[in-house]
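Asker: Before anything else, here's the structure in question.
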There are 2 protein chains.
Amino acid sequence: MLIVKKFGGSSVADKEHIFNVARRCIEDYNKGHDVVVVLSAMGKTTDGLLAKAHEINPHPSKRELDMLLVTGEQVSVSLMAMAMGALGVQAISLNAAQIQMQTTSAYGNSRLKRIDTERVRNELDARKIVIVTGFQGINKYDDMTTLGRGGSDTTAVALAAVLHADLCEIYTDVDGVYTADPRIVPNARKMDEVTYDEMLEFASLGAKVLHNRSVEMAKKYGVHLIVRSSLNTSEGTIVKEEVKMEKMLVSGVAADRNTARISVMGVKNEPGIAFKLFQHLARHNINVDIILQSVGRHGTKDIAFTVARTDLEEALEIIKRHMDSLGAQTLESEEKVAKLSIIGAGMTSNPGVAAKMFEALASVGVNIKMISTSEIRITVLIDEADVERAMRSVHDAFSLGD
Amino acid sequence: MLIVKKFGGSSVADKEHIFNVARRCIEDYNKGHDVVVVLSAMGKTTDGLLAKAHEINPHPSKRELDMLLVTGEQVSVSLMAMAMGALGVQAISLNAAQIQMQTTSAYGNSRLKRIDTERVRNELDARKIVIVTGFQGINKYDDMTTLGRGGSDTTAVALAAVLHADLCEIYTDVDGVYTADPRIVPNARKMDEVTYDEMLEFASLGAKVLHNRSVEMAKKYGVHLIVRSSLNTSEGTIVKEEVKMEKMLVSGVAADRNTARISVMGVKNEPGIAFKLFQHLARHNINVDIILQSVGRHGTKDIAFTVARTDLEEALEIIKRHMDSLGAQTLESEEKVAKLSIIGAGMTSNPGVAAKMFEALASVGVNIKMISTSEIRITVLIDEADVERAMRSVHDAFSLGD
């Protein structure tokens, strides 16, 4: 079996952790498996390098920033190879240039294009454990690039795809994907499996177990993905296309507090006005989420939508500059809101699901401000203060707990 | 003019030093010159990485050690590019893989074979300052290698050679090459110029201004080399093939305290015995320097020679194991000795030079234990306690001071 294993920065933060990971990989290797390991930079290395860069230049060239940052993973992989060597196992570290991990040319947020598998295959054939730098690539100029936040997950899934790996294990500091945040819902249950689509919804709702792009890629190439803990040997959560028949309608509940609501009222009721508003925001890379448009007074329109709370200030400034051209009269915002979502591939054809969710919220006196749905998700916007009560009530209503 | 400038680790140890170097390079750039900068790792970075490695594995794979160490220079060059960017100048950092700095496959102590100049030339043509990682290369497996001690000097000289640079400046923390160590000989004088051969002798005697291999390469390719201070703008010392006619017979005096003497006595007087002795040492990479062979009692031979003091213990152990096969009777060693040398391209044809040196030593009561000469050097082995007195007397005798 060929297994790709990815470990994050906290899993290789120091000598003890490095040896812990090394032993885990060697265990599989000793069973006769081919093992490819993808590593992030140790602990807070990347933050440290960023601080150094900004000390020198508050706005460093993105190309040079990537040149700097990629050293972090190279340190991790070489030390890991030495640790495995100390444990008597042949291992070899490889960086992005050595396996021609080709990306788009954009620095800081590149996309993978192609990976040359020859070197990795040769080293595996020589019965070595292959240790690859996560998060990084090279572009057509032979310059170093980085894949952006969560990039090491993407590296691991991409390697699993091109190597036709039997398994891609993403190690995190949690046991897997839960039906809800166990810190809020004490009887939350670890799920044995979720579909790629469900995982995408969980990921985009801030359940930080897997990066979105890695899940998209896993889905596209049918990579057999497992999210599991680096701290214990529990089974983890399998992410795959189909899940077993008896699966429940709703898989889990997730909340996202990085949310704020903006209301632009009294907008001219002309075609294309809403489009203009969102175009202004898009130009500044501000993502808009739930949108509600309603008829206002005197033939005008009211447009309400949510943005990430971290984008609120900038979004308001942009809109203020365009109030006249939008013909808008008033601008309001609300910062202390949160999104609460239920996710489940099984809910598509079940109209009763939404009703049950709303009933659960009503039963604990939680007011719904906005609603948004997709095929496998129902999201409501509520007061941030209500999040925990709401989550527990919904979790109970769908009997998701142990 | 195309200028290659090399700065060591202490010159880029922190933000202040980095900007200092950046400004120096920009000064030349603003005069219209093409500037290539070669950097070592910041301050004690390499030592720090080595310590990390040995914490993980006391005997790490040399390949992995190089993979780890090369990150040090990559951090330096990217930060330098950011600093130049902050000063409004276009600069680009390049690592060994990006300029195909090809070396032999040996890790830890590789030799340069070939450099691809295309990328560097393109960036220079785009009027960028090009900043290259010193000390490192890639071998035929596309693996990272390092050039060993002083490797960044070699990188700079090699780049100057392949780029046909007009000048290669090696920046150090001293003003240039001195007639003697100014800490010992207060009136020692900075030399304006030395020949490649003289520089080689100074380098091998521990005057740590330039690495031997870089001088050899500079000589081979006729690279116009200057050793100068990174702390001030004084002229430095020019290293070249021919020096001006009025040059003195003796250029300078140098001492090497990393020396010990070994005497193997009562060795069988058979052909090849001495060869066997030195072969045993060579197998363990122990270099032997001054050798003295004399006839002992009862038709045996006595062989005395010097080794680096840091090799003494190992050398003695090796010889002890072979005393019988060498037919040797006694083994003695002396740790507190030092080599004192006078160096000068002009002394070749002047038999009076040696006599003058010995007279200067006798006049201050310094006893000579062994003597070794080359075309441009006379070396004597003396008690370490005599070094400073001897150096001052010899320096005076040849009127080398100010």
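Cβ from N, Cα, C; glycine included.
Marked as ATP binding site by TrEMBL: B:Lys6, B:Phe7, B:Gly8, B:Gly9, B:Thr172, B:Asp173, B:Tyr178, B:Arg183, B:Lys208, B:Val209. Feature annotation from TrEMBL assigns substrate binding site to B:Thr46, B:Glu73. Taken from TrEMBL, the feature domain 'ACT' covers B:262-333, B:342-402.
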Asker: Under 8 Å Cβ-Cβ from B:Gly8 (ATP binding site), six or more apart in the same chain: what's there?
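Answerer: Listed in sequence order, they are B:Ser40, B:Ser152, B:Tyr171, B:Thr172, B:Asp173, B:Ser230.
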Asker: I'd like the number of other C-beta atoms within 10 A of the C-beta of B:Tyr178 (ATP binding site), please.
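Answerer: Taking all protein chains shown, B:Tyr178 (ATP binding site) has 23 Cβ neighbours within 10 Å.
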Asker: According to DSSP, collapsed to three classes, what secondary structure does B:Gly8 (ATP binding site) have?
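Answerer: The residue in question, B:Gly8 (ATP binding site), is coil (DSSP, three-state).
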Asker: Within 10 Å of the Cβ of B:Thr46 (substrate binding site), how many other Cβ atoms are there?
Answerer: 20
Asker: Inside 10 Å of the Cβ of B:Glu73 (substrate binding site), count up the other Cβ atoms and send me the figure.
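Answerer: Its Cβ has 32 other Cβ atoms within 10 Å.
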Asker: Could you list the residues of the same chain, at least six apart in sequence, whose Cβ is under 8 A from the Cβ of B:Lys6 (ATP binding site)?
Answerer: B:Val37, B:Val38, B:Leu39, B:Gly134, B:Ser152, B:Asp153, B:Thr155, B:Ala156, B:Cys168, B:Glu169, B:Ile170, B:Tyr171
Asker: Could you measure between B:Glu73 (substrate binding site) and B:Tyr178 (ATP binding site) for me? Cα positions, answer in whole angstrom.
Answerer: 29
Asker: Residue counts in helix (H, G, I), strand (E, B) and coil for the domain 'ACT' (B:342-402), per DSSP?
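Answerer: Residue counts for the domain 'ACT' (B:342-402) by secondary structure: 29 helix, 14 strand, 18 coil.
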Asker: Using Cα coordinates, what distance in whole Å links B:Thr46 (substrate binding site) and B:Tyr178 (ATP binding site)?
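Answerer: Here the two Cα atoms are 28 Å apart.
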Asker: Please list, for the domain 'ACT' (B:262-333), how many residues fall into helix, strand and coil according to DSSP.
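Answerer: Within the domain 'ACT' (B:262-333) the tally stands at 31 helix, 25 strand, 16 coil.
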